[in-house]
């Protein structure tokens with residue numbers, strides 16, 4: 001399973017890779033808990049609590065004393081075990097959980113993944129917000145479908161090659177610099193790598209079942225190596241170092257594209273993405289709405305914080321009969337005293353302009 005756009009889309013965006021986290025659910029919002037679909041976020045998102053890069057150690061956590069595991073009573077017959085924020089410092093004593101399918105250990109003091117080999121029925125493992133530096137000792141968990149090790153201290157993607165049934169992988173807000181060691185995850189549908197240190201999109205050619213890819217808040221300079229991901233419906237690349245929209249020609253099923261907070265100057269390269277319902281190009285350097293008249297299924301268009309000056313550019317959106325939400329604030333044309341009225345006249349289907357609903 002697993003980003004806010006209220007007054008100001010920036011807030012929304014950060015929720016997405018996360019919100020998307022919602023979709024991805026898992027990406028942001030405190031990240032909420034991913035397991036949804038939507039709205040990754042940064043979400044996402046989600047809203048992602050996609051936030052600051054975390055230091056090697058949190059001084060407060062270092063002084064927090066781990067709980068004595070003998071004081072925790074585990075139900076041997078439980079299928080869902082939630083030990084969120086229990087101050088667990090070491091994974092031990094869980095071998096009695098022969099029937100467990102979901103194990104939540106988020107927000108604890110765990111430094112090492114260990115002693116889980118007996119939990120062979122496990123489908124979901126949540127280690128979000130701990131102090132883990134390495135992905136290891138998961139080889140026996142061959143039934144695992146969801147793995148979340150977001151908000152830890154990981155530097156490498158490793159130790160997941162035997163998890164061939166994995167469908168959702170969340171590694172948000174770590175210190176990962178390279179996408180690697182994922183080639184065996186043929187069933188993966190959602191991959192969340194927001195808020196890391198990744199510089200290139202690479203080594204994902206075999207992930208042909210991937211539906212959602214979240215790479216917001218990294219250091220990526222080019223959209224590339226996406227040709228094999230023909231099932232992708234959500235792509236989030238917010239807050240990177242992109243200057244050009246390219247490499248999307250094979251993503252014919254793409255429905256949501258998030259490219260805000262980059263250095264893009266021209267809307268282009270979307271000729272084959274006819275199914276887009278959401279296009280986020282906010283906070284770039286774009287002067288003109290162009291090359292999107294064929295996107296007739298658009299429902300949301302976010303282009304606030306750019307350099308748009310001409311009202312005639314809105315004609316590019318007239319073919320999108322289902323367009324309901326547009327964000328155009330903090331563009332030069334917003335200075336027009338008749339700004340909202342002109343948007344409504346140009347795009348009569350719109351029900352929300354920026355953060356405000358249209359009143360009739």
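In case you wondered, yes, glycine gets a Cβ from its N, Cα and C as well.
Feature annotation from Swiss-Prot across 195, 283, 322 places phosphoserine at 322. In Swiss-Prot, the entry for phosphoserine among 44, 212, 312 corresponds to 44. Residue-level annotations in Swiss-Prot identify, among 12, 121, 293, 12 as phosphoserine. Checked against Swiss-Prot, the residues 37, 47 yield a single entry marked phosphoserine: 47. Cβ environment of residue 322 (phosphoserine): 277, 297, 298, 299, 349 lie under 8 Å away, each six or more residues apart in the same chain. Summarised by DSSP class, the composition of the repeat 'LRR 7' (209-230) is 0 helix, 3 strand, 19 coil. Helix, strand and coil counts under DSSP for the repeat 'LRR 4' (143-164) come to 0 helix, 3 strand, 19 coil.
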